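Below: the structure, in structure tokens.
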Amino acid sequence: MPINSESCPLCKVHSNTIKKEDEDEEDNKTSWIQCSKCKVWYHVHCLDLPTDEIDQIVIYHCPECVPKYGESTYKRKSKRARVSIDYQSLNEGDTFAIDKSSHFHLHNFLNFKGETNINVIDKLTKTYALNTQMEKPILIPQADLSKNGMQLPIEKNEITIDYITDCCGEDTPLEVMDVISQQGISPPWKLKQWREYFKTNEEKRDRIRNVISLEISDVAKLGVDFTRPKCVRDMDVVDRVWIEEDEQKRSKVTKYCLMSVKNSFTDFHIDFGGTSVYYTVLSGAKTFLFFPPTDNNLELYKSWCLEPSQNFIWYPEYTITKNKKKIKPTGGFKVDLQPGDLFIIPSGWIHAVHTPQDSIVIGGNYLTIRDMVMQLKINEIERETKVPTKFRFPMFNKVLWLTAWYYYNHQNEFQSDIGEDEDGNAILTRLIGHLQGHLELSKTNATAKRSIPKTIGKPMVFINKLLAWKEDLYGTAV
């Protein structure tokens, strides 16, 4: 299905008259804030909110929602020296007293019980991933770097906050998340400010904050000298299909440095675009709580995302009525990670993350051809839940056109890249259907039109070639 671009309703930053590269640059520079009621995202500067006010907002109500729900909720300063509490008003005046030293869902997280269901191996290869169809997360404990085709810039225990700051530069802007509100802090911090906070004693930190989006692909030493696991590089479809001569640079989502203080918590989410994730812990520890991407779990997840009070609803206990029966998420379990562990999260898995102690992690995202059906399913959920463009996989549609073009021209690689037991017919059917919808959207949407690569020639002619190829392979038409 086609994507509808999300934009700030108070400005024309994403109007059709602006070039796509300008949109990307603007998104990278702009701070956003989301209304907790209507879920619409706004540019902070369009709202004319004073800079010193932004970090004090706990629950934001946009101008359209203020008449119905009242003014935004701000932090309240506690007069008690030893306990720091936020008071947040919810539906019809209900009030929650929230300890700012930990997220209010953390108790539920820590007490969750479920039978762990992962694959534990010592060497990750493309062959293994395809043979197991990536049905479960994969853990490589204390991974042998050379055996897994991975390389760190220096020893893992030497990758400290000081080393990261030296590599990136202390004036590097940083998106910092406030753990209690699960909102980004505005204005962005500088890395030197984060270093000071990260090195502050736990008891002296005013709030729990988290950094999960520092992309380091082009950072000397830290990113440039880091090599992703070979299996990840072998399966990353963007690596395979992106044309180096393209006027747009490929998306930078392959190498992130995550820095989390003790008791950081990220609520349930699915990684953007249904990407798979590799994750290696350098110091500290992490605990994940997973739910598999079954049809029911994804339906519950989508409904949960649309709840006005989503932040205060514990996803594992969320219920909806389906076929006259109440259903709730099933199959949940936790996984603990320690320094040296390498971890793979398959496409579409719903997860929350807790940090039991200060930690530094390097990880990244990647699309695959074998996960195309799930990736498009997650893309549709993102569209239906109105996830803003800045939080989605960059140039997603362009990547899909290039993927189709590549495999049409390298047909002998298609089955080997999806695995012998994978349903290639379903993959091509879903991919072609998406491209047909996107082509239709491009007739009225300039952004969609720009994302169709010129290298494929006339899009409709190319789609007909794809249909003919699929029919030759499987004897069916879309």
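From the backbone N, Cα and C atoms, a Cβ is placed for every residue, glycine too.
Over in Swiss-Prot, the protein carries these features:
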type    : residues               : note
BINDING : Thr266, Lys286         : substrate binding site
BINDING : His269, Asp271, His351 : Fe cation binding site
DOMAIN  : 217-383                : domain 'JmjC'
ZN_FING : 5-68                   : zinc finger
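Feature map: annotations from Swiss-Prot on the structure.
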residue: Thr266; record: substrate binding site; DSSP class: strand
residue: Asp271; record: Fe cation binding site; DSSP class: coil
residue: Lys286; record: substrate binding site; DSSP class: strand
residue: His351; record: Fe cation binding site; DSSP class: strand
**Report entry** Nonlocal residues around His351 (Fe cation binding site), in sequence order (Cβ under 8 Å, 6 or more apart)
**Finding:** Phe268, His269, Ile270, Phe288, Leu289, Phe290, Phe291, Ile345
Query raised in the report: If you count other Cβ atoms within 10 Å of each one's Cβ, which of the binding-site residues His269, Lys286 has the most?
Result: Lys286
Query raised in the report: Sequence gap of 6 or more, C-beta under 8 Å: which same-chain residues meet both conditions with respect to Asp271 (Fe cation binding site)?
Result: Val277, Ile345, Asn365
Report task. Starting from the Cβ centroid of His269, Asp271, His351, the recorded Fe cation site, name every other residue in that chain with its Cβ within 8 Å, sequence order please. Result -> Thr266, Phe268, Ile270, Val277, Ile345, Trp349, Ile350, Ala352, Val353
Query raised in the report: For Thr266 (substrate binding site), which residues of its chain lie six or more apart in sequence with Cβ-Cβ distance below 8 Å?
Result: Met177, Val179, Gln182, Asn210, Ile212, Ala352, Val353
